[in-house]
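This report concerns only the one structure given below.
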Amino acid sequence: MSSSKSEDEVPLMDFGDDRGEEKKLARTTIAIDGMTCGACTSAIEGGFTNVDGLESFTISLIMERAVAIHDVAKLSTERIVEIIEDRGFDATVVSSDIKGRSPRSGRGGASTSGLVATVIAVEGMTCASCSSSIEGAFRNVDGVQSIAVDLGTDRAVATHDPAKISAEKVAEIIEDRGFDVKVVRSEPAGGYGRRSVSDSTPHLATTTIAVEGMTCGACTAAIEGGFKGVAGIGSFMVSLATERAVAVHDPNVISTEKIAEIIDGRGFEAKVISTDLQGSGDRGAKEDTIIFKIFGMNSEEDAMRLENSFRTCEGVIDAVVTLPDGKAEIEYYPSKIGVRNLVDIAELLNMDALPTDREENSAQLESLAKTREIKQWQHAFWFSLYFAVPVFYRSAFKSLKHGSATMDVLVVLGTSAAFFFSIVAMFMSIMCSPHSKPSTVFDTSTMLITFISLGRYLENRAKGQTSKALSRLMSLAPSMATIYVDPEKAGLSMESGDSAGEERTIPTELIQVNDIVIVRPGDKIPADGTVVAGESYVDESMVTGEAMPILKRKGALLIGGTVNGAGRLDFRVTRAGRDTQLSQIVKLVQEAQTSRAPIQRMADILAGYFVPSVIALGLITFVGWMILSHLCISVIVFACPCALGLSTPTAVMVGTGVGAEQGILVKGGAALETATKITQVVLDKTGTITIGRMTVAVSKQAITTAAREHLGLGPAAEPKAYKVLVGNTKFLNESGIEVPEEAVNEPKGVRLAALSDELKPDAKYAVEALRRLGVKISMVTGDQEAPAQQVAKQVGIPLSMVHSSVSPDRKQEIIKSLQASGEIVAMVGDGINDSPALATADVGIAMSSGTDVAVEAADIVIMRPQSLLDIPAALHLAKTIFGRIKLNLLWACFYNILGLPFAMGFFLPLGLHLHPMAAGAAMAASSVSVVCSSLLLKLWRRPVWMTVDGMKAEEASGLDAPGGPGMGWRSRWGRWRAGRAGDGYAPLGMEEV
């Protein structure tokens, strides 16, 4: 990236004033390569123990990502990466929620009294005394107001008066202290370290880094350990499965490049993928950042021309173009200028600009599919088979260098012990009489590496299958789209029936809000929008899980990633790029699969102690069986923390993917685990149990059997005997009815009809399904008591569990009171008024048709708002996933508990022992078996009794669901229906006037 990025920006140490700095938290995501088991994650986490500035650090073995929440003033992203790399893993910043750079002079604000801030790169600093030495050199220098030295970023920032002392002189003073220096840049001090003159609020960045080289949980722990105490880091999380790390950091303290450097220092290859601004409010009303890959830029002059062209555009806050990496980083207001406009600017200068989001998605898809790991371990398998090359030594050396123990350490110890034991045995046979045939196990080294490499190859093949659901989601959006060149003209032409104008085919990434997109039969819809012309059925199953195609007419909403049917549609884009519903779903699923369930932390802690314990057991075995010392090799090789570390994340990854395919989005492992403990579900009424649309509820006559709405006019109906029109005079006249003047002046009431909200088709079945799961059901609503109780009776909720006339604050209080009584509460809602209760509940469940606030506050999102049966299905899925996690952990523990005594020679007096080669094969099989066990979750289907058809069939046959709590449901249901026979929908009395 450009040298003008935040890696050069450090907090200033003012010699005159002591200015307190506000705490700035950032969320940084980092991809970590090299983790194989829970010991790896524990090793990384160990590096973050007692790190100043770190609020939280979460690491995911299966996603190969870490997310750090950190104070950017104390812990930088560079330091987080460095901590991970010091643990022996490759780390790359994937994203960070603030931009790692401040605007250049002229755009960020005016200078301060002619002072400039000069950034200087300093090489040779090794400790705090070095930075103190540099700062001390400027205490009595005229013209220097302040100096700040950041040991983590190897940068110094001097605020000085250029009329009294030049930047070169500042650098010379530092050089006289024995360091190599280079002036990076100078800029007006007033604009330094600030995004804009009007934006004084601290911003954080979420940086995502791709990390290569992780193999187990010890790898992730080693990387996380590299960020303990790093200034500027708010949080840091590593995912082994996706090979990503996420760091939340202050880019003014630690840059994204430094985060990647820290991971590199831990022995892993790190690459910064993206840095995202963390903010609030409407996305279109705030700034955004995009990075382009520039093609056709051949000189520094080209770079300057392009940079100046970007900067002069309205809506562009700042732009930095760098020639070495061929990239342009632009900060802009999406409400004023779009991505396609920026691409057009580059094309005017005979250059091509490609958004790097496409590269990131391709890299993410390849990472999820484990393509690189599969090739790597396939190659290692054949290479070690033929040449017995110790392919694990490099990673093991890095781990040991930083005091962490991973699975690779056990492999190296086992193979080395076998090899050197054989060497010693040969020399002993030669030097000692009689010269007997030595007992060597050279073949053990070769076969161990062969078996373990084969196991890693098979394991990554299986792990690649765990992320298929996320990969499919990421691949839904089309690569190209066809738009009208002039959307305003096209819109007017459609209204008048004229030709809509010239068309243009562009990459999907360049679609902007208010574009009119053409969707032809069979095309994928590239963005979210509203239909302006045409009619067609759209298949939304891949996004919402809705099986049947949905008819879309003018005014209907379209979801990006869905597939058009046989008709043609023109639609106006309302959300594009990272704002689309599909992008938000992908982000939600990624975060869910990156997060860690509480039960996983216990497994990772255990895995962290596992490797040292196994080495100790190996030494004990060696001492106990001195003559048969090769048994210690079996102990070291047999033990495998990988299975323990993979038990939870693989199950969470597969389970959340299965849920996403069926329209159930779970926001993380913690929500998943809590959902298994739910004892009471609280349902909102309007928009949750009911559709949220008024319909004719009851009447003394059959005039409403075919009601048809005419907005602003009146309804019409066709009873069996005659046709009835009800409405104002305009409606009746348009229908060909002459209205007598006396009827207008002296109206007479004939009938009274009641309107009420309509129940969702499966509402009563959803309530019964929740009851069968052993969950209590209650309802809260702002409606009056009478309609609330009527709805409760319709769906089978006890009247004692109905809370009516409830305000949003009161809903929250009800949730708290239930929790105080010992209940584990799930709240289901869809509106802004439900968001406090959703956030307070142990698990918040939001319907996707609800407000963004409600969806944001929830832990689980139901993508099919008309299907309440997805709520019990979500709880059933959570219990299934958690049951699989327990089974995986039980198998991993049982495997080691059963096998280690054999490896240690406990049964040797009976003639039973485990050969090292057999131990290696068994170790490799353990990880594969756990991953395959998690893959069985792909077979999950909701029970038949959790479907409308299934319950209707039971109702017809008089059978209960097997194992469902409460016998005689059929009879209870029948009695309830009999008691309700003849009742209307709403409790409004009807009488003739």
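For all residues, glycine too, the Cβ spot is worked out from N, Cα and C.
Feature list (source: TrEMBL):
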DOMAIN    26-92  domain 'HMA'
DOMAIN    116-182  domain 'HMA'
DOMAIN    205-271  domain 'HMA'
DOMAIN    288-354  domain 'HMA'
TRANSMEM  380-397  transmembrane segment
TRANSMEM  409-428  transmembrane segment
TRANSMEM  440-458  transmembrane segment
TRANSMEM  606-627  transmembrane segment
TRANSMEM  633-654  transmembrane segment
TRANSMEM  889-912  transmembrane segment
TRANSMEM  918-937  transmembrane segment
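If you average pLDDT over the domain 'HMA' (116-182) in this model, you get 76. Across the domain 'HMA' (288-354), DSSP assigns 22 helix, 24 strand, 21 coil. The highest tally of CB pairs under 8 A with the domain 'HMA' (26-92), across 116-182, 205-271, 288-354, is held by 205-271. DSSP labels the residues of the domain 'HMA' (205-271) in these numbers: 19 helix, 28 strand, 20 coil.
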